[in-house]
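Trainee: I am attaching a structure below and will ask some questions about it afterwards.
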Amino acid sequence: MGEMKSMQMGVIGALFLSVASSVSIVICNKALMTNLGFPFATTLTSWHLMVTYCTLHVAYRLHFFENKPIDTKTVVLFGLLNGISIGLLNLSLGFNSIGFYQMTKLAIIPFTVLLETLFLNKKFSQKIKFSLFLLLVGVGIASITDLQLNFVGSVLSLLAIATTCVGQILTNTIQKKLNVTSTQLLYQSAPFQAAILFVSGPFVDKYLTGLNVFSFQYSPFVVGFITLSCLIAVSVNFSTFLVIGKTSPVTYQVLGHLKTCLVLAFGYTLLHDPFTPRNIAGILIAVLGMLLYSYFCSVASKSKQGSSESAFIGKDRDTTPLLSQEKENHEAKKLDKHSAV
């Protein structure tokens, strides 16, 4: 019982850390890119991952965690896949309207459900599917303003969805199958994610913005915000692997849409961004979907735990009479032998 309670507290802590750090980095990056004119998102992400790896390496050297060897091929492919998915999401935003990009992010949940159902034989109840549907409708109403389609943008969005879904499913599967922690997996995969983005980032950013990251005028304010963004990113990357490992890829995506609603609300209250009744209605519907998802998952988890406990008890009840009967038969045989003598 105490172990179950500590696990629940761990999950709550991971969820809170993920929400707090993600909202913080959105605010920081918005100031960096909008107010200070630093538009190089892909290159910035590579710096995030480099700082994350360096921070974890220091923590490892100070014996805060143990490093567990993982097959090199698995780590390299996993790291490259996650790096590619980040690049594709940025390209999708560059080639599509903001509305279509939001649709791309919304499509990750149903695609993840489909992949887990087909390849991992995971079951999602109708109630959970309904709550996810409500969530997606709410976030769509709140955040999607325009939909402009083009062929290249659509292909990039599909590739971004596929790589993101597979990457997040692997994040969960590798931790469980290989019995590694989120910290160990992030520590070993971060260099490969950073490497592919560090090489491709300047080209992607140049194509999307028409500006060169190396010729940008770095003022003290810009450097300060970049440093702050990188430090917050350590927490974001760590909490991402932690949440997916402790819960599931779908739960992580649900949490991501909660962050979207919080960022929209924050933009309205503190930055005075335009806010309409449609935004409010969408956020309320999305929050209702999240609450229902959380409730149905909790009920399903308790039901599963209860059935496993009853099965264990039932197993004990089935085996005990057999053992007793064998013992009685053995004693009877001994008595018969003594009688014969």
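Yeah, the Cβs are placed from backbone N, Cα and C, and that goes for glycine too.
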Trainee: Kindly point out the range from 74-93, 94-113 that TrEMBL annotates with transmembrane segment.
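Mentor: Per TrEMBL, the stretch marked transmembrane segment is 74-93.
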Trainee: With Cβ-Cβ distances below 8 Å as the criterion, list the same-chain residues six or more beyond the ends of the transmembrane segment (132-149) that contact it, or say none.
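Mentor: Contacts with the transmembrane segment (132-149): 96-100, 102-103, 106, 109-110, 113, 250, 254, 257, 260-261, 264, 278-279, 281-290, 292-293.
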Trainee: Please determine whether the transmembrane segment (44-62) and the transmembrane segment (280-300) are in contact (criterion: at least three Cβ-Cβ distances under 8 Å, sequence separation 6 or more).
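Mentor: Contact criterion not met.
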Trainee: I need to check the long-range neighbours of the transmembrane segment (250-268): which residues 6 or more away from its ends have a CB within less than 8 Å of a CB in the stretch?
Mentor: 15, 18-19, 22-23, 26-27, 105-106, 108-109, 112-113, 116, 124, 132, 135-136, 138-139, 142-143, 168, 240, 243-244, 275, 279, 283, 286-287, 290, 293, 297
Trainee: Sequence gap of 6 or more, Cβ distance under 8 Å, 3 or more pairs: do the transmembrane segment (74-93) and the transmembrane segment (216-238) meet that?
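Mentor: Contact between the transmembrane segment (216-238) and the transmembrane segment (74-93): absent, because fewer than 3 Cβ pairs are under 8 Å.
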